[in-house]
Structures are given as structure tokens and as C-alpha cells.
Ligand SMILES: Nc1ncnc2c1ncn2[C@@H]1O[C@H](COP(=O)(O)OP(=O)(O)OP(=O)(O)O)[C@@H](O)[C@H]1O
């Protein structure tokens with residue numbers, strides 16, 4: 001880049017302001033929201049229609065570029081953003097931000113509907129992609145095509161509620177930040193070069209557009225979206241600081257102001273447009289950044305690593321201050337500076353606010369003034385219109401006057417011509433006279449005298465002519481004007497009369513037509529009504545007949561039903577009675593049986609108890625037998641044991657004796673063992689028998705106690721059962737009696753019900769017969785009423801028809817009268833006009849006679865004043881002079897005024913649309929005037 005071009009680039013440049021108006025949303029289209037914003041992309045103008053005090057005003061704003069509702073994302077990017085991104089690649093710091101009311105398309109413009117180039121061939125962005133994805137793509141496309149070294153870093157922050165959040169911070173930090181926002185807010189710092197930076201903001205190095213898209217997606221997911229009612233004054237202080245370099249600093253800035261076309265956003269739209277328009281005046285002095293070499297970058301990164309290491313060390317040590325003291329002091333100083341700056345800015349803000357208030361007051365007064373001016377303008381316009389009309393009339397008048405003047409000029413010219421001719425003739429005469437003077441010197445004095453006389457006469461004639469001409473022209477113009485006015489008036493009267501007559505004629509014809517048409521309609525209506533009534537009558541008759549037949553059918557069927565029902569009811573009653581008597585018998589049997597059963601059960605229980613007692617006795621006997629048996633068994637057992645021992649001992653003794661010799665030594669031990677075994681077995685047997693005996697004794701005693709218990713219980717039970725059965729029997733007897741009483745009651749009720757039913761049957765049939773009769777009477781009445789009604793309707797119709805006929809005849813008569821009256825009036829008017837016209841004629845004639853009077857008067861005057869030369873008798877002999885004849889002189893007289901005017905009008909037609917049309921009423925022009 002050459003030095004001069006760089007210089008050019010680095011000089012002060014205005015902030016570029018674009019205006020984008022979004023299209024109507026579907027909802028707005030559906031509700032037909034009025035449009036107040038109109039964009040002229042070509043002329044870079046935006047017009048806002050405002051209605052103040054019922055008047056519509058258009059405010060027009062001009063911007064660097066204007067994009068109307070139909071502008072596409074690509075259009076906006078190609079026309080406005082591409083050059084800015086190119087400048088970024090040249091080394092300038094550039095800022096692009098959107099500004100506008102909520103819902104006007106900031107996000108749509110900056111991000112678009114989808115940020116990533118997910119679809120589309122060859123990595124193309126979708127058509128709805130906004131400025132950010134397009135700029136990223138352009139940057140990488142350019143860098144990649146240059147095949148040079150490059151490094152791209154991304155930061156992503158959110159300024160929300162005056163808090164700066166790093167959207168690219170690692171998860172744990174951001175979590176921590178959310179929990180402990182007050183401590184972890186990212187501070188804004190002066191960068192020492194007049195700019196502002198966010199300290200501690202995460203910087204991600206990226207190598208492709210896709211990486212940025214991923215980072216944007218990651219960051220966007222952390223954005224807070226809930227709405228908040230922020231104190232705006234307090235978007236905006238950090239944002240103002242963040243944008244300090246962009247608005248009045250070293251950055252190239254482009255503001256995209258977004259507005260809605262809707263009338264509902266008018267106020268915000270105007271405020272956005274005002275702000276954006278003011279922002280156009282902000283000047284920046286962009287500077288090109290130094291290109292960073294890789295080595296410098298690495299050096300910077302090492303510095304950054306050292307700084308971070310120091311921070312980590314300080315954090316790990318936790319010695320009270322968690323940042324290096326050097327940085328702490330530096331930050332303290334910065335904080336102080338910031339506080340000062342905030343104070344200053346507060347003061348500045350106050351000043352600005354005051355200024356804004358003043359401007360608003362001014363704006364209001366300007367609005368008031370403009371409303372006043374518009375009111376004035378309106379009245380002036382009205383005056384102008386009126387004046388224009390007057391001017392047109394005056395022009396028309398002027399034209400007429402000009403025309404009249406021309407006519408006058410023409411007449412005067414004609415008169416001059418005649419005068420000239422006369423003068424010529426006078427010259428000729430004078431020549432002749434002079435000749436005569438030469439010829440007749442003696443006549444000189446006479447001629448002189450005659451000349452004197454002629455001159456005096458001439459003066460008299462001229463004077464008279466002039467006076468007369470003036471008077472006549474005055475009179476002419478006066479009469480002409482009056483004639484014109486009267487003619488116009490008469491014409492208009494005639495026109496009005498005619499038109500009113502025509503109108504009345506038409507109206508009467510129409511009325512006649514209408515009356516006859518309405519009569520026809522009325523008759524057809526009446527016919528229709530009659531037909532309807534007839535139909536109604538027929539249908540009501542049919543209905544009534546149906547009703548009566550249905551009623552009689554109903555009554556028949558009711559009768560049948562009642563008969564059948566009665567028979568069935570009787571049957572049922574009989575059955576019921578039979579059933580009841582059966583029931584009664586059965587209940588009696590049942591009671592008897594019950595009693596018998598009770599008795600038998602009582603016997604049975606007695607038997608049972610006897611049987612149980614017997615069993616118990618048997619049991620007791622058995623147990624006694626068992627006891628004796630066990631004793632006997634014991635005895636037998638002990639006897640058998642003793643026998644066994646005795647026999648065994650005897651047998652052993654004999655065998656011992658026999659074998660003692662043989663097996664003394666061997667068997668002695670065996671025998672001993674056997675003996676021990678038998679003894680032990682016998683002891684066991686004895687123990688078992690004793691145990692058995694004890695068990696049996698115990699068992700017997702328990703059986704005895706159980707049986708005695710059972711006997712006692714059984715006796716108690718049998719006593720109770722006997723008592724119960726006795727109670728049950730008496731209860732059942734009582735119940736039986738009660739049941740019988742109830743049954744008897746039931747039988748009585750059934751008999752009564754049967755009686756009642758019969759009565760009801762009789763009354764129902766009586767009632768239905770009565771009802772049928774009543775219905776028939778009713779139907780008859782209805783039919784009669786219908787007929788009567790029909791007859792009444794007929795009469796009414798006839799009456800109405802007569803009435804209508806009469807009334808319409810009246811109306812027609814009235815109209816005829818009216819017409820007649822109007823005709824008479826019109827003929828009166830026409831007569832009046834004719835009279836008027838006659839009067840005018842009379843006036844004309846009078847005028848002519850007046851003129852002739854004037855003429856005769858003039859003649860008299862001439863006769864009295866005109867001195868005629870008297871011959872003296874000394875005159876030389878008369879010689880024939882070559883003088884013009886009287887006829888010739890007569891022929892030199894000017895034509896009559898009317899003829900002259902006629903001729904003038906023929907040659908110079910008056911070109912005016914307002915020229916009056918010839919009247920139909922005979923009028924008398926000023927024929928006689930001259
Ligand atoms: N130029 C446009 N063409 C088509 N649709 C648009 C345009 N501008 C805005 N929209 C639509 O209008 C709606 C609101 O736009 P968007 O969300 O971008 O407004 P916003 O100014 O960012 O609002 P907020 O300040 O509330 O975030 C969206 O549905 C968006 O698609």
C-alpha cells in the first residue's frame with residue numbers, strides 16, 4: 001500500500017450507518033397493520049409517516065445505505081460488509097454492530113437463521129446466513145487463498161445486565177462465575193492506548209471457519225435469554241466503554257440500524273432513526289495495526305504463559321492476595337482511574353441528559369410550530385384557492401373587457417376612417433375653395449367669413465359628436481351590460497324551469513310506475529298471503545282431522561288397553577290372591593314343620609345328649625378297662641419278665657451245668673455280657689412299662705377330666721339349646737302370627753287396589769270419552785275459526801286492495817294536480833319571461849325613441865347654433881366647383897354601431913368557454929341605437 005493511500009485511509013472517517021427495515025411478520029400481515037416506514041434503497045432515504053394533530057407529516061432520513069424489507073442477506077453483505085472485512089484483512093480494526101428495537105432483526109442481520117454452513121454445495125452458506133458467518137467465511141477464504149502465515153483468535157462475550165460474561169470460558173470457570181458472579185465479573189480495563197479491553201477474556205486460536213462456528217455454538221448455548229427490565233441508562237455504560245474505540249476512536253465502524261415498518265413501533269423507530277442519524281456524524285481515525293510476526297506472537301504468548309504461571313502460583317499459595325502484588329497495584333491504580341472516569345462520565349451523562357431534555361423541549365416546540373405552520377399553510381392554501389378562483393373570474397372579465405375594447409377600437413377605427421374620408425373631402429373642398437379664391441379674389445373675404453363659420457360649425461359638430469359619442473357609448477355599455485345580465489338571468493330562469501319541469505315529469509312517470517308496480521307487488525303479496533292461508537287452512541284441517549282420528553284411535557286403543565289391562569289385572573289379582581292363600585298355607589305348614597322340627601331337634605338333642613352321656617360312660621368304662629388292662633399288662637409284663645428271668649436263669653443254669661465244662665471260660669464272659677444286655681433290656685422294658693403306665697394313667701385322668709368337662713359343657717349346651725329352641729319356637733310363632741296378619745292386610749290391600757283399579761278404569765274410559773268429545777268440539781271450533789279467519793282475510797284483502805287502489809289513485813291524482821300546478825306555474829314563469837322580454841323590447845324601443853329624441857334635440861341645437869352662410873348679392877358668378885355630392889358624403893357616414901359590432905364579432909369571435917349561449921327567449925339587441 002502506498003504512503004498516500006495509507007494516509008488517505010488513516011484520516012478521519014465518519015461512522016458508516018446503514019438502515020435496514022424488516023418485512024412485516026405473518027401476524028402483522030394477518031392483522032393488516034398499517035405501514036409507516038417507506039424505504040427508497042436507490043436514494044438511500046427512509047420516510048416515516050407521522051400523524052400530528054390529525055395531519056400527516058413525512059420525516060425523511062438519509063443514510064449511507066438503505067435496505068428495504070425485500071433486501072436479502074447476501075445483498076446487504078455484498079454491498080456493505082464485504083469492503084469492511086477487506087479492510088480488516090488490511091490491518092484495520094473494524095466494528096460492525098446492529099442497533100434497534102427488540103424484534104426488528106438485529107439477530108437476523110448479524111447471525112441469520114442458521115450460523116453454520118451445514119448445507120449447500122461447496123461449503124456455501126445458506127441464503128439466510130447473516131453478517132457473522134459470512135464475514136468468518138470471507139476471512140478464511142481470503143487467508144487460505146493467500147497461502148501466507150496467519151493466526152486467528154476468537155473471543156466471545158456477553159454483556160448482560162451490566163455484567164460481562166466470557167462465553168468461551170471453560171465450563172468449571174463459568175459455573176463458578178454463575179455461582180459467584182460478583183467476584184468473577186470480567187473487568188473492563190484501559191489498554192493504555194485510549195482503548196478498552198476486557199481483562200481475562202478467553203482467547204481461542206482457530207484455524208478454520210468451522211472451528212469458529214463450533215465456538216459460536218458453544219458460546220451461544222451459554223447466553224442468557226431471559227428478558228430483563230434494565231435501567232437503560234445504567235446497553236448502556238459498559239457498552240459505551242466497550243464501544244469507545246469504535247465510536248470516536250481508531251476503529252472503522254459500521255452501524256446497522258434495524259427498524260420495523262409497523263405503525264405500532266413508530267415511536268421506537270423514530271428514536272432509532274434519530275440515534276442512527278446522529279451517529280453518522282461520529283468521526284473515527286482508523287489506524288492500521290502492526291503486522292505481527294510469528295516470533296513476536298510467540299514472545300507474546302510466552303509473556304502470557306509467564307503471567308498465567310504467576311497467577312497460578314499466587315492462587316496455589318493462597319497468601320491472602322491471589323494475584324501478583326505488582327498486578328494488584330496496577331489494577332488498583334486502574335480501578336482508581338476508572339472510578340474517576342466513571343465520575344467524569346456521570347457528569348458528562350448528566351450534561352448529555354440535560355442536553356437531551358433541552359433538545360426534546362425544542363423538538364416539541366418545533367413540532368408545535370410545524371403544526372401552527374401547517375394550520376397557517378392550510379388557511380393560506382384556502383385563500384390561494386379563493387384568490388385563484390377570483391383571478392380566473394377577473395381574467396375572464398379582463399378578457400371580456402379586452403374584447404369589448406377591441407370592438408370599441410374597431411368602431412373608433414371605422415369612425416376615424418370615415419372622419420379621414422370626410423377630412424379628405426373637406427380638403428378637396430378647401431382646395432376647390434382656394435381655387436375659387438384664386439379665381440374669385442373678390443370672394444376672399446366672403447370665403448374667409450365662410451371659413452370662420454365653417455370652422456365654428458365644425459367645432460360645434462366635433463364637440464357634439466364627441467359628447468354624443470361618449471353618451472351613446474356609455475348608454476350602450478350600460479344597456480348592453482344590463483341586457484346581458486337580464487338575458488343571463490332569463491336564460492338561467494328558463495333553464496331552471498325547464499330542468500325542473502323535466503325532472504318533475506320524469507319523477508311523476510317514475511312515481512306512476514312505482515305506484516303501479518307496488519300495487520302489483522301488493523296484489524301478488526296478498527295473493528301469496530291468501531294462498532298461504534289456504535294452504536295453512538288445508539294443512540290445519542288435515543292436521544285436525546288427523547288429530548281427531550288419532551284421538552279416537554287413541555281412545556279406542558286406550559279402551560282396549562284398559563279392558564285388557566283390567567282383565568290382566570284381575571287375573572293377576574286372582575293369581576295373587578291364590579298365591580297368597582297358597583303362601584299362607586305354606587307358611588302355616590312351614591311354621592308347623594318348624595315347630596315339629598324344633599320339637600324333633602329338641603328330642604334329637606336330648607337323644608344326642610343321652611348318646612354323648614352314654615359315650616362318655618363308655619369312655620369312662622373304656623378308660624377304666626384300659627387302666628385295669630394297663631395294670632394287668634404291667635402285671636403280665638412283670639410276671640413275664642420274672643418268668644423270662646426264671647426260665648432264662650433255669651435254662652442258663654441247666655445249660656451251664658451241661659456246658660460249664662466246655663465253655664466255662666469262653667462263655668462266662670459272653671454270658672455275663674448277655675446277662676448285662678438282658679438286664680439292661682429288662683430294665684428298659686420295665687422303665688418303658690412304667691412310663692407307659694404313667695402315660696396311660698395320665699391319659700386316662702385327662703380323658704376323664706375331658707369327658708367330665710364335655711359332659712358338663714354338653715349339659716350346658718343342651719340346656720341352652722333347649723331354651724333357644726323354645727325361644728325360637730315362640731319367636732317363630734309370633735312371627736308367623738305377624739306374617740299372617742300382614743298377609744291378611746295384603747289381601748285386604750289387594751282387594752282395595754282391585755276395587756280402585758276398576759274405579760280408575762271406569763273413570764279413565766269416561767275421561768277419554770269426554771276428552772274425545774272435547775277434542776272433536778275443539779277441532780270443529782278450530783275449523784270454523786279457520787274458515788272465519790279465511791273469510792276475514794279475504795275481506796281484509798279486498799278492503800286493502802280497494803284501499804290501495806283508492807290511495808294510489810289519490811296519489812296519482814295528487815301527482816297530476818302537482819304536475820298541472822307546476823305546468824301552470826311554469827307557463828306563468830314563461831309568461832313572466834315573455835312579459836319581461838316585452839318590457840325589454842319596450843325598453844329598447846323607448847331607448848331608440850330616446851335616441852331619436854336626442855338626435856332631434858341635436859338637430860334643434862344645430863338648427864339654433866349652426867350658422868348658415870347668407871349670400872350678400874356681391875358674389876361673383878357662380879362657377880361649378882368640383883365638390884363631392886351629398887350622396888357621396890352620406891356614403892362616407894360610418895355604419896350603425898350594431899352593424900359594426902356584428903362585423904367585428906364575425907371577424908373576431910370571442911374565445912371564451914364562458915361565452916353565453918344564445919337564449920331561447922326572443923331578445924332585442926341594440927339595433928336601434930345608432
Ligand atoms: N430482514 C428480515 N427478513 C426476514 N425476516 C426478518 C428480517 N428481520 C427480522 N426478521 C424476522 O423477525 C423476527 C425478529 O427478528 P430478530 O430476532 O432478529 O430481532 P432482534 O432485533 O434480534 O430481537 P431481540 O432484540 O429481541 O433479540 C425473526 O423471526 C426474524 O426471522
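Residue numbering: from 1, along the chain as shown.
Glycine residues also receive a Cβ, built from the backbone N, Cα and C atoms like all the rest.
Bear in mind that the values here come from a model prediction, so they are computed numbers and not experimental data.
For reference, TrEMBL has these:
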- 14-237: domain 'Kinesin motor' (DOMAIN)
- 100, 101, 102, 103, 104, 105, 106, 107: ATP binding site (BINDING)
- 238-282: domain 'Kinesin motor' (DOMAIN)
- 342-397: coiled coil (COILED)
- 904-917: compositional bias 'Basic and acidic residues' (COMPBIAS)
- 904-930: region 'Disordered' (REGION)
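Residue counts for the domain 'Kinesin motor' (238-282) under DSSP, split into helix (H, G, I), strand (E, B) and coil, are 22 helix, 9 strand, 14 coil. Each residue in 22, 98, 108, 258, 260 lies on the same chain as 100, 101, 102, 103, 104, 105, 106, 107 and has a C-beta within 8 Å of the C-beta centroid of that ATP site, without being one of the site residues.
Around the Cβ of residue 107 (ATP binding site), 14 further Cβ atoms fall within 10 Å across all displayed protein chains. The binding-site residues considered are 101, 102; of these, 102 has the fewest other C-beta atoms within 10 angstroms of its C-beta.
Checking the binding-site residues 101, 102, 103, 104, 105, 107 for a CB within less than 6 Å of any atom of ligand 1 leaves 102, 103, 104, 105, 107, listed in sequence order. DSSP classifies residue 103 (ATP binding site) as coil under the three-state reduction. Non-local contacts of residue 104 (ATP binding site) by the CB criterion (under 8 A, 6+ apart in sequence, same chain) comprise 22, 258, 259, 260, 265, 272.
Cβ neighbours within 10 Å of residue 106 (ATP binding site), excluding its own Cβ and spanning all shown chains: 20. Comparing local CB density within 10 A for the binding-site residues 100, 103, 105, the maximum falls on 100.
Mean pLDDT for the domain 'Kinesin motor' (238-282) in the predicted structure: 90.
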